[in-house]
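As written in TrEMBL, here are the features:
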- C53, C55, C75, C77: Zn(2+) binding site (BINDING)
Amino acid sequence: MSEAVRNGDYLAVEKIISEQDPYEVRRVKMPTITSADEPNIIASTSDTRLIGCLCEPQADAINWMEISKGQPYQCYCGHWFRLVDFEDYLSRSHNSKQPA
């Protein structure tokens, strides 16, 4: 997978990820505070994606929502999400790891 990322083959990255068990729920720890300007970033090569928000650590129900590229979306609990291309996602991840 790292070779696909280095080569910028984001379709291969998505294929590798999607070949994992589609029914496995992978929990991603979200920042405590998000906003429309600083949302949780979700990567996809598709224009839309179905995501779930647990809203609270002890929640047993998932709030499912379909998000589209371009604008940020807010969950009922207040968390914000934005769908971006893999290239944007990886460049943001790389920039956030750079020392100041």
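Quick reminder: no glycine exception, Cβ is built from N, Cα and C everywhere.
Just so you know, TrEMBL annotations never went through curation; they're auto-generated.
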### Query
Does DSSP put C53 (Zn(2+) binding site) in a helix, in a strand, or in coil?
strand
### Summary
Same-chain shell around Zn(2+) excluding C53, C55, C75, C77, C-beta within 8 angstroms of the CB centroid, reads L54, E56, N63, Y76, G78, H79
### Query
Any idea what DSSP makes of C75 (Zn(2+) binding site), helix, strand or coil?
coil
### Message
Please list, in sequence order, the residues in the chain of C53 (Zn(2+) binding site) that are at least six apart in sequence and whose C-beta is under 8 Å away from its C-beta.
### Response
I62, N63, M65, C75, C77, H79, F81
### Query
Just counting, how many other CB atoms are there within 10 A of the CB of C77 (Zn(2+) binding site)?
11
### Query
Counting only residues 6+ apart in the same chain, whose Cβ is under 8 Å from the Cβ of C55 (Zn(2+) binding site)?
N63, C75, Y76, C77, H79
